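Worksheet for the structure shown next.
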Amino acid sequence: MVNIIWVMLTAIGIVFAMINGTMSEVNEAIFNGAKEAVTLCIGLISILVFWLGMMRIAEDAGLLKKLASLFRPVVKRLFPEVPGDHPAMGYILSNMMANMFGLGNAATPLGIKAMEELKQLNGGKNEASRSMITFLAINTSSLTLIPTTVIAIRMNYNSASPTDIVGPTLVATFCSTLAAIMIDRYFYYRRTRKG
Amino acid sequence: MEIVSAVSLWLIPILIGFILIYGTFKKVPTYESFTEGGKEGIKIAVSIIPFLVGMLVAISVFRASGALEYFMDLIRPGLNAIGVPPDIVPLAIIRPISGTAALGMTSDLIAVHGPDSFIGRLASVLQGSTDTTFYVLTVYFGAVGIKKMGDALKVGLLADLAGIIASIVIVTIVFGNM
């Protein structure tokens, strides 16, 4: 899918340039675009290093585990088919915590582990269970607490207040997660009514 | 609305202070842990360079050729009527498909419109408040061999739509309209 979009953007742009006579602008855009991307990534290093450093301390101090146990009662209600002491619940919680703190690299393997456990709970079938869909819905709605990369980009472009989007992002994330849970529930009840 | 701004300002310093003090209490070698984790930050920043180069070149070409303006003009009347800025549409479309591609678009929007513009802020919030549905779906289901996805894709995409609407509404309320 990305492949098609990527090629379409470039190809349509070049065809448009032929018709519009904007070839010189397009030439410039190719080199400027590449240069800007690299400059941006270098600028991202500062925040990413600092934030991931901080998160490592939080992880080593057991803060993420502690938070997970705090959230357990709430999350248990979201997954009524998963027994509270089942390893799946542990992985689901750790995955959520890692996502909250922007540790995408740590979140993915934990999420896969959670999926494995959920698959076993579902008798090893190759179809998605109710809990799996709920887990995915929550994951795709994003749980980020601090959008570090976005803050870094804003700093790069000299924002007067790079962090002023944190509050609105939190509210928006909360809304989208809530919506994800409700949409998931709606589809579940629709399925069960039919079958 | 002032509360939201105050939370933005205070949250990060307080969180950092708390992590450092808590880590010290738990006898974590804080400085060493910090540098160890920081190394990963360099790896991530460097590894996204090819993704961003590819996407930013494609968007730059699309814009410089005049194609972007052309398509924006086509959809502008309809979207303006319901209060959606058309510039955000490409980002909203690509956000569920590819995280790094969306990151490229977000930085492009911020560069062109300015980080403190309405569009710049909206792009920032949008990037932070939804996640890459297709990526999560393929990686998680692919890794454990789930073939029948059921309602998962529908639920994920509808949740994305809800996130996009929430972002537009909240940014408009907090930062005022264009």
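Glycine is treated like the rest: Cβ placed from N, Cα and C.
Lifted from TrEMBL, the feature list:
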TRANSMEM  A:6-26  transmembrane segment
TRANSMEM  A:38-58  transmembrane segment
DOMAIN    A:42-151  domain 'Nucleoside transporter/FeoB GTPase Gate'
TRANSMEM  A:88-112  transmembrane segment
TRANSMEM  A:133-153  transmembrane segment
TRANSMEM  A:165-188  transmembrane segment
For the transmembrane segment (A:88-112), distant same-chain residues with Cβ under 8 A (at least six beyond the ends): 51-52, 55, 58-59, 64-65, 67-69, 71-72, 75-76, 79, 82, 118, 121, 131, 135, 138-139, 142-149
Tertiary contacts of the transmembrane segment (A:38-58), as residues 6+ beyond its ends and Cβ separation under 8 Å: 64, 101-103, 146, 148-149, 151-153, 155-156
For the domain 'Nucleoside transporter/FeoB GTPase Gate' (A:42-151), the number of residues DSSP places in helix, strand and coil: 82 helix, 1 strand, 27 coil
Distal contacts, the transmembrane segment (A:133-153) - CB-CB under 8 A, six or more residues away: 40, 43-44, 46-48, 51, 78-79, 92, 95-96, 99-102, 111, 114-115, 118, 162-163, 165-166, 169-170, 173, 176-177, 179-181, 183-184, 187-188
Local confidence of the prediction over the domain 'Nucleoside transporter/FeoB GTPase Gate' (A:42-151), expressed as mean pLDDT: 87
